[in-house]
Amino acid sequence: MKPTVWHHLRLCPHGHPDETIDDAAIAVDETGTIVWLGAMSALPHGYAHWQREDLHGAWVTPGLVDCHTHLVYGGTRADEFAQRLAGVSYEEIARQGGGIVSTVRATRAADETTLFVQAAARLQPLLAEGVTAIEIKSGYGLDLASERKMLRVARQLGERFPVTVYTTFLGAHALPPEYAGRADAYIDEVCDRMLPALADEGLVDAVDVFCERIGFSLAQTERVFEAATRRGLPVKLHAEQLSNAGGTALAARYRALSADHLEFLDEAGIEAMKAAGTVAVLLPGAYYFIRETQLPPIELLRKHGVPIALATDHNPGTSPLESLLLTLNMGCTLFRMTVPEVLQGVTRHAAAALGRADRHGALEVGRQADFAAWSVGSLAELAYWIGRPLCEQVVRGGTTVFRRMNG
């Protein structure tokens, strides 16, 4: 690529709408690295002859980060949606053999090509909304071959689409049918066979567990965390979504990157998160879709200064959501978060939830030029509009990878 000065733009370099530069420019060298940014009037003379790209007054933010997804799976769970509308709870469906286990059956039956094609279709709407980094979990295979298949597909998505993919091994997502009544034996399999094999193949960036009364106990979760720690892998946790099981405090003891969901999180757990530097990842899509009523403790998270991220939690059972912008709106309308909070929740705090705050979530000299250009009058519109296409252009590594076609 040619060294380029992107200009005629309004810059929000750190995802905070109160920290902006009008009539700004970004200079990107031939490696796709930002070498200068600031007011156009202060552009150094050394960049005067570089190629120019006019963004026509668009707002520019860091590329968005979707830090919690289950994008790779087989089938749908539309039938369970009808059950929930009839009053059957998520927990009841799971106990009847539906829920996660029904997706496990469909995922095991699908080959890699089928899973890739289906996941690619789910990924593309996110890319068109300015997402340049995404986390993708396994957890719908629940045996070594199927978990490997899922993680391989996630890696392939990162190789074939203009997005950085971070993989999370979620083998401890649910108890597979063949281990019914033998949860400890399944955790043996996760810790002693699945995780070592997948880590040795370079398929795992982090490790997650579903710690809940319909998932895995604190003791079982800790065993997985110990196995991950021995491998030098960071951990994260699905915690306190349906009850307060104390998982967040355990996650904090292992300095987890994030604890996610958190509707039933208490102040002691929040204090532990703050001390450990663990990010709170809130998932309003799941809250909305399964009609939860227990709100995450936003005020307590604010009080203790715990960074809050937002994510789609895209999955077939509780959040079939393919819009990070709608997630922003939900964060504001359902959780009463502010516009600065939700914007930072999908930029720098989301990057921190992946342990990648040094690479994503901000536009600074020395970083890769990953950014999105928005056709809005104010950044509040990113959380305001519902369903309107707002992203005009996405740049990754200094190269345009998406441009909205008008007319």
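Positions of Cβ are set from backbone N, Cα and C atoms, glycine also.
In the three-state DSSP scheme, His68 (Fe(3+) binding site) is classed as coil. The Cβ of His68 (Fe(3+) binding site) has 31 other Cβ atoms within 10 Å, all protein chains considered. The Fe(3+) binding site annotation in Swiss-Prot covers His68, His70, His238, Asp313.
His238 (Fe(3+) binding site) carries a strand DSSP state (E or B). Here the Cβ of His238 (Fe(3+) binding site) has 30 other Cβ atoms within 10 Å, regardless of which shown protein chain they belong to. For His68, His70, His238, Asp313, the entry in Swiss-Prot reads Zn(2+) binding site, with the evidence type sequence analysis.
Look at Swiss-Prot and you will find Arg77, Tyr140, His173, Gln241, Thr318 tagged as 4-imidazolone-5-propanoate binding site. In sequence order, Ile100, Lys137, Ser138, Gly139, Tyr140, Leu142, Asp208, Val209, Phe210, Gly215 are the residues of the chain that are 6 or more apart from His173 (4-imidazolone-5-propanoate binding site) and have a CB within less than 8 Å of its CB.
With a 10 A radius on its CB, Tyr140 (4-imidazolone-5-propanoate binding site) counts 31 other CB atoms from all the protein chains. Annotated N-formimidoyl-L-glutamate binding site per Swiss-Prot: Tyr140, Asn315, Gly317, in sequence order.
Most Cβ neighbours within 10 Å, among the binding-site residues His70, Arg77: His70 holds that distinction in the structure as shown. In this structure the C-alpha atoms belonging to His238 (Fe(3+) binding site) and Arg77 (4-imidazolone-5-propanoate binding site) are separated by 20 Å. Long-range Cβ proximity for Asp313 (Fe(3+) binding site), meaning a same-chain Cβ under 8 A and a gap of 6 or more residues, is found for His68, Thr69, His70, Asp260, Leu283, Gly285, Ala286, Ser319, Leu321.
Remark: Asn315 (N-formimidoyl-L-glutamate binding site) has Thr69, His70, Tyr73, Ala286 as non-local neighbours, by Cβ distance under 8 Å and separation of at least 6 in sequence.
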